[in-house]
Amino acid sequence: MNKLDSMNEIVEEVVKRIQQQQQNTFEVEASGRHVHLSRQEIDALFGPGYQLTKVKDLSQPGQFVCKERITVAGPKGLFQNVVILGPERSESQVEVSMTDTRILGINAPVRESGKTEGTPGVTLMNGSAVVTLSHGLIVAKRHIHMTPEDALKNKVSNSQIVQVKVEGTRPLIFDDVVVRISPRFATYMHIDYDEANACGLTKGARGYILK
């Protein structure tokens, strides 16, 4: 094999790999600030036994937007009409962007959902009802919800960290993206509004994992 043949093989392999990556694309969604509430906080904010009102399903099976809204407050500022996502959880959690943390005046860490140990608290308000969480404020780590079938196609494992190229008006490669695999999931990548603005995200935008 001469040098030209060898180069052609390398080029063909690279092209094949890129084509395979682009075939395994998934939709990228932007998540705005939102709250997950436990039964304890629901009772405190809305009254004992109150049931959250579902108004719209989300892309992840079983998760939904609630009609109810609350205020999230920090030492420097607050956000009104913050959406609550259901169903209720075992522990309350508030997810915001980096920009939001500066407005609130609270230095929240980047964490995976549910990993709230050692995170700062924040105040939740609904009218005269006020609850101050001891912890639970996070900036959500960018992540991909993935079915086991799509994980096989993409050759990734649960909790693996990958790079993702997001196509759009400002194409961008996101590093440090965690893959979360479950048969309960639908395959979508989630980023926050800061990240969405950085890549000029539009509805229906897609991304793919880089190897």
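Glycine is treated like the rest: Cβ placed from N, Cα and C.
Gly32 (CoA binding site) carries neither a helix nor a strand DSSP state and counts as coil. Look at Swiss-Prot and you will find Ala30, Ser31, Gly32, Lys76, Asn197 tagged as CoA binding site, backed by similarity to another entry.
The Zn(2+) 1 binding site annotation in Swiss-Prot covers His34, His36, Glu95. Within the same chain, residues at least six positions away from Glu95 (Zn(2+) 1 binding site) with a Cβ under 8 Å of its Cβ are Ser31, Arg33, His34, Val35, His36, Ser113, Ile138, Val139, Ala140, Asp192. Mapped onto three states, the DSSP output places Glu95 (Zn(2+) 1 binding site) in strand.
Every protein chain considered, the tally of other Cβ atoms within 10 Å of the Cβ of Arg89 (phosphate binding site) stands at 17. Here Swiss-Prot flags Arg89 as phosphate binding site, drawing on similarity to another entry.
Counted within 10 Å of its Cβ, the other Cβ atoms near His143 (Zn(2+) 2 binding site) come to 19, all protein chains included. Here Swiss-Prot flags His143, His145, His190 as Zn(2+) 2 binding site, drawing on similarity to another entry.
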Argmin Cα dist to His143 (Zn(2+) 2 binding site) over the binding-site residues Gly32, Lys76, Arg89, Asn197 returns Gly32
On a simple 10 Å Cβ count over all chains shown, which one of the binding-site residues His36, Lys76 is most densely packed? His36
When you average the Cβ positions of His34, His36, Glu95 for the Zn(2+) 1 site, which other residues in that chain have a Cβ within 8 Å of that mean position? Ser31, Arg33, Val35, Val83, Ile84, Leu85, Gln93, Val94, Ser113, Ala140
Have a look at the binding-site residues Arg89, His145, His190 and say which one has the shortest Cα distance to Asn197 (CoA binding site). His190
